[in-house]
Structures are given as C-alpha cells and as structure tokens.
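Have a look at the structure below before the remarks.
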C-alpha cells in the first residue's frame, strides 16, 4: 500500500525534491501538495527578468498542471496550511485537511519588513513572489519615482528591473557599500558606478526613518534628513525563514526549523527543507544547497541513508550588464594573502584570497568568465603554488614557461595600443624615445602616454627600455607601498576622474593593498575633502588620532586641551572658565604655548567631551592645536596700545583667525601679525607673516621655525587690510589645492617656486578671487567647532571604555 | 574551554576603529575592521606603551599612534623591521553582540 506524503509549500526546493522522489520510485507515496500561492512551482530566481520585461510568467514555470496530473499529485493551491495536528498526523487548511505518514515543510522565507512609520501604506511592496512582481508591474513604472530599500542581491535586481521599465529608481542601503555580504568595498564601488550609469541613484549609509504619504506612499525620509520622492517603495532588506506553522506545532525552531543531516525535524514523521530550515546553525538562501537538500530528503523519504553537507556556494547578480562573481571567504586574516588585479580603464576588479597556497575566496567584478574556474579550484582545495604568478589571469594562461615581459613587449606590433586613456600606441612611444625623450616624464610630456590613469606606466617603461636597450630612469616614488602613483598624480587624478571616495580612488588608481595603510589613508582623506568639500564626507577613521579625537595625544596616552583665543586675546571670563575646567578635571599641568594659547595637559580621553561641553558653555571653541590645519595667529598689541604700532595688528590677526579657523590644510599652518618692523609677534618665521608699516602691510610666506629654520620670503605689499586678507586667503587655498600632504608651505613653495605663487595670488586678480571663493565654499562646511557635535549626550558615551571589568571585579 | 561575556553591540565599535575594555590587568583594545571582524589586543604597544586602540586600522592590521609600529591583529606580531608582540584575547561576534573571554573579568590572571 502506498504511504501518504503531504508537502507544505510548492517552491523550488520541494519541487526538486518531488522530482527526485518520483524518479527514484514513482509508487512509494501518494502526494498531497499545499501551497499558499494560487499556483504551482516556478523559477523564483527568474522573477527579475519578469520584472524587467525580458521574460513572462509562462517562461519561468517549472512544473505545469500536466506534470502534477501525470504524477498524481493532489494539488491544493491557494490553500495555506493553518495547523498541523501531530498527534493524529493530519494537516489542515481553511478548506480541507489531509492525513500523512510523512510530512515535509517547505514554507520558504518571508520578506523582512523594517518597522518604520508608513510601512503599511499602499504603494509599499516587498519583492518575493509573483504577486509582488505583478503588483510592481501593474503599478505602471514608466516615469514614476521608485525607492528600493536594501542594496543586497534582491534589492538591486528589483531596482534594475524597475529602472528598465522606465522608473526613476533610488536604492537606499544601510551599509557602506552595496552587497556587503558578497562584495568587498572595491567591487561594491564598481557595482554602484555601473548602476549609476544606468540612472539609478544609490544612497549608501542611509537609514530609513519613515515612509511618508497621505493615503499612499509619496516619499521616503532618511535619518540624515534626505527625502526621496517615491510612488512605489520596495522593501528588500532581507528575508527570514517562514517558521510560524512549525512554531505553532511545537517543533524545535531556532532561527529556522531545526533539522538533522537527514533533514528530519524534532518530530520523526516531519521533515523540512529549503529556506525555512536551520541546519547546524546555518540558514540557506541560495539555490544550490537547497537542491542538495532536495536530493537528500528524497532518499530519506525512501528509507535510504543520506546526509546533507553544505558546501560553499557562489553568488552572481542577475542584472544584465553588471557582471559580478563572489564565492567563499574574503575577509582578511592571518596567513591570508590577496592577489588583486585591477583594470581601471575597463572597470575590472578581481581578487583572490589565498591561504596555504589554496584559494579560499573569490570576488570579481566586470569580467567574471574565469569565476567558475577559480570556484572549482577553491572547492577542490587545489594547490595553486605552481601557477601562482599567472593564476589571476585565468586558465588560458596556465602551463608553459613563465613569460618574459621584454620578449612580450618586443613582439608587440608598432600599432599596439599601450596607453588606453590617451590612445597612444607602441610606435609613438618608440619614436618619442628615439627623438630624445629618455625619461618617463619626457615621454609623458611628448606623447601623453601613462599621463592619465597611470596604470600603463610599467608597460611604457618596458617599451622605453626595449627601445633604449637598457634600463630607464625609475618613475618617481609612489605615495606609499600601496601605490606607485605619486602624491601629485593622485591629486590630479582625483580631480580629473571625479573620484569622490577612498574606495573609488583605490579602485580607479589600482591600489595594491585592499584597504590602504596609515600613510595613504589620511592623505587621501585630505585630498578628497579639499577637492570635493561639499560632496565628500570626512572619514574619521582615516584620520590620525589627534584629528580623530580633536586633541593632541601625549606620550602617556593622555591628551592636551587648547581652547582657541582669537589672535591671542582673552578675557577674565574665559580665563575663569579655563581655570574651572582645569580644577574640575584635575589637569596636572597648565602651560602657555608658543602660539599665545593656554594648554591644559594630561587630560583623560573620556573627560574630553565633558570638559569641552563646559568650555563650549563659556563660549570657547577648539584651538585645533593638533591639526593639519590653521593653528594660531600670533599678534602683538599693535597701534591700539603700543607707541610704535603702525596698524591694528591685533584686529587683523583676529580677523584672519576667524576667517581661516577650522580649515584643513596639507600640514599645520601658523600665522603671525606684527604691528611694526620690531616684529614682536615673530611673524617672519611663520608660514604666513604680516609686518605692518605706515604705508600698509608687508605679506611674506614660507618661513619655518622647526627642524628647519627659515625666514619668510616677501610675497606682496598690500595697501589695505581687505587686500591683505584676500591675498593670504588665496595663498592658503592655493596651498590646500596643490601641496603634497605633510608638506609645510615652505617646502611646497620651494618646489613650485615663489614666482609661480605670486602669479597665482598676487598678479592674477581673477584667479585670486576664484581661490578665495573656493576657500569660502570649503569653509561653509568646515568653519565650525568640532566639539559642538562630539560633546552631545548621544556622542559622549562613545569616548568612554566599552566595558569596565575593574568595577565588576571590585563588587 | 573559553567562557565568553557580552561587552556590547558590534555597532558600538566604529568600523576601522576601536573601543577600550578596562580590566584589572590593564586595558584591552577591541578592534573592528572594515569587514566586521573583531580582535582583542592589549591596549599597549610593546615599544613605548602607546594606546593601540587609537591607531589607524587598515586591513587586519593596526598602526600605533605614537611611532607607527604596525601589528597584525590575528597574531599580535609586529610587522616589518620592528620586533615585538602584543597579547591577543579570544573574542567573537554573535547576533551582532561582541563576546570576550570571561577570564578578563578576574582580578588577577590565574
């Protein structure tokens, strides 16, 4: 007699399981199939082509009515099961019931709905089944605004599908980059770029606060205040196993329905598979392991021994034109090494993670044809030691002797393109070299080869070496071990290529490390904020400790606190507030600095925000006595009190400091303003010094009084205070735009020449005003006290230890 | 077998940053990398005692803020030409919470 099998859920996992079961033994079971959706099994992975219009529902049906009839399946579609009666082995829907000898739960997963206001408004949909897909299609998308919440696999497929039907789509993603579970930041950046190219707006680090609308969805509001209009909101933030029926039946349920290796639940007559199960603390969302489960469960049901063993799976995104591949573990770690290949010109990124000469992770973007080959090597644990040098180039390059780069270059025909950015071929470079361009700079100057993105620099040098018959002068030294590009190149390329984030720079300029180092990250952060003051958001974690904590770290790990005193002038009230703070926080030393400020030394990190809250209260702001930025403007008392003073040097100093404070510069900047040539403010050894004379103001720059001691050089004479301020502002902005990070003005001026600086800020009036205007734009963001945001009640706890076990031990 | 105690949420530690846990034996720096791995190391550089928790985190390494010694956080070994070792402690993340070796709660190292 046939036994009775009841299956709850007609999805891809249970569909495959039934196929396997009928193939092995068509007469073992009478099958009853319940499904909440009013239809049988279709290929859920193909919903995105349906959404985009590339396919129809009929194209993606996997089991049609004929199939169910042919196998004698009693189909109860559109009937969700509401109760399992384990004692009598019967399941009930609202319309019918069925007895079972064996029961399979395959309820899949349910979309996760984030609990924000407006989530129940009409126009808010999820993206899980054909109903959702049809709802989106029927809403009519052409010309409408759509917002997708969630930049994972599902969300991006929904976004691409809606965009191809003509919607204006915005993707809001909580994390730093798209698909963070499958991609590293570099690949995430390329993906974002590709999506933006097809008109999709991507907003990362965006937390949804509410969905707004009167009667139906109209807009999405983010925590940061951004509002995106939205006729349609698609929530695709994730899925959770659908376990309600199992919970009600008191089966063992963790995050999913707990199953053993044979896919049996805590009830020996009940089995489960698919996205609703949890096997050894693991959940499953991709199709490959679900098909493995189907195979195992079919055997189990037929009384054969079988055990499910999850294997690593690979991910691909089904968005036409976005080629990505991700498999395995790509976190960095001890003993792990990376092989990274980047081709910025074509938007290609490949990264292999190796451990003990074996591939353990693969991330690829742009060119994924070798993905499955790498994946195969990874699954089989193949030792790649022998082919390591050429591994990243894929299977086509394996075997044979190691290639000789010179021979390869020699073999290239003259018309072979070497520099893709500028379209320069080998013949042009050879000709330039033969005409006397024997250094890389000279070749760049005459042909433009390797002058744009610079990735072909090595190849250009090889062509030069081949032409000259020997080694060429080395390219200038790179920024750090992460890149061969010089600081100048990086700055120029950030501007010309419109790079606006650290991952963007690292990808487009072919960084050799994954996340940079302590040397390049602060430099990149500065270059980006100097170039894109309004768009780039300062990356605090790429800042050196002093600029991250807005205080100067001391040898014992305490900090110094220096309130700003404009032009070195203070008041009794300010002094009282400083004295009170010193008392309250047990400051071990109070000292006057060389820049006319008061330094409170020996402050504990956790006291910093509290102390600054007190000082802010008294009207004092950060003195930035720690920054690569404007430090102090030192002044003398000038004409107001001094019998020799010719101009109001104190007033000019205060004016300059109020204008320049808060600005970030390549290195620190100190000013001095003296009221007469006696120079009591020691202005002639500062980065910028002003000496007041009867006829006006003598401006000089590029002094030094550190490891180097150097007198300033005369930049300009100005008749009025306004002109003085304008020239100095322009000079500071020119320095911000051109100097290498960690070069003081004297070093930079020596490099570019004082004459060039004069041309830019003194002679060319239009240029001077443009520089001042750009400085003002930047200052609209940065002219502010950092402590205003760090000493709030929300931020203050972040400065204290995460946990304190010394207290607990004492209890 | 190591026992673990909850010290806070993963999100309490900034990406590519660190927070400190005070113990009777000194401060422990709890790091979080860009890809959400966590590490626990003594918050003290073997060179001149610099607070590693204030260093720049890059990949799975951290650079001491005082004199730029670089340590690999899995092993605690100094990188490059510098020689030195920082003690590491068992730590892990479960359901978005950071768990650290309960041994650190003791008054003295056993």
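Just so it is clear, glycine is given a Cβ too, placed from its N, Cα and C backbone atoms.
Predicted, not measured: the structure shown is a model, and the values here were computed from it.
According to TrEMBL, the feature domain 'FAD/NAD(P)-binding' maps to A:4-279. If you take every residue in the domain 'FAD/NAD(P)-binding' (A:4-279) and average the pLDDT, you get 90.
The domain 'NADH-rubredoxin oxidoreductase C-terminal' annotation in TrEMBL covers A:314-381.
The domain 'BFD-like [2Fe-2S]-binding' annotation in TrEMBL covers A:418-465 (among others).
TrEMBL lists A:479-528 (among others) with the feature domain 'BFD-like [2Fe-2S]-binding'. The DSSP breakdown of the domain 'BFD-like [2Fe-2S]-binding' (A:479-528) into helical (H, G, I), extended (E, B) and coil residues amounts to 26 helix, 2 strand, 22 coil.
Annotated domain 'Nitrite/Sulfite reductase ferredoxin-like' per TrEMBL: A:554-617, in sequence order.
As annotated by TrEMBL, domain 'Nitrite/sulphite reductase 4Fe-4S' applies to A:628-766.
Look at TrEMBL and you will find A:636, A:642, A:676, A:680 tagged as [4Fe-4S] cluster binding site. In the three-state DSSP scheme, residue A:642 ([4Fe-4S] cluster binding site) is classed as coil. A C-beta separation below 8 Å, combined with a sequence spacing of at least six in one chain, links residue A:642 ([4Fe-4S] cluster binding site) to A:636, A:675, A:676.
Positions annotated as siroheme binding site by TrEMBL: A:680. Non-local contacts of residue A:680 ([4Fe-4S] cluster binding site) by the CB criterion (under 8 A, 6+ apart in sequence, same chain) comprise A:636, A:674.
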For the domain 'BFD-like [2Fe-2S]-binding' (A:418-465), DSSP counts of helix, strand and coil?
26 helix, 4 strand, 18 coil
Near the [4Fe-4S] cluster site, what residues other than A:636, A:642, A:676, A:680 in the same chain have a C-beta no further than 8 Å from the centroid of the listed C-beta atoms?
A:637, A:638, A:644, A:645, A:649, A:674, A:675, A:678, A:679, A:681
Compare A:314-381, A:418-465, A:479-528, A:628-766 by their Cβ pairs under 8 Å to the domain 'Nitrite/Sulfite reductase ferredoxin-like' (A:554-617) and return the stretch that comes out on top.
A:628-766
Across A:636, A:676, listed as binding-site residues, the smallest other-CB tally within 10 A is for A:676
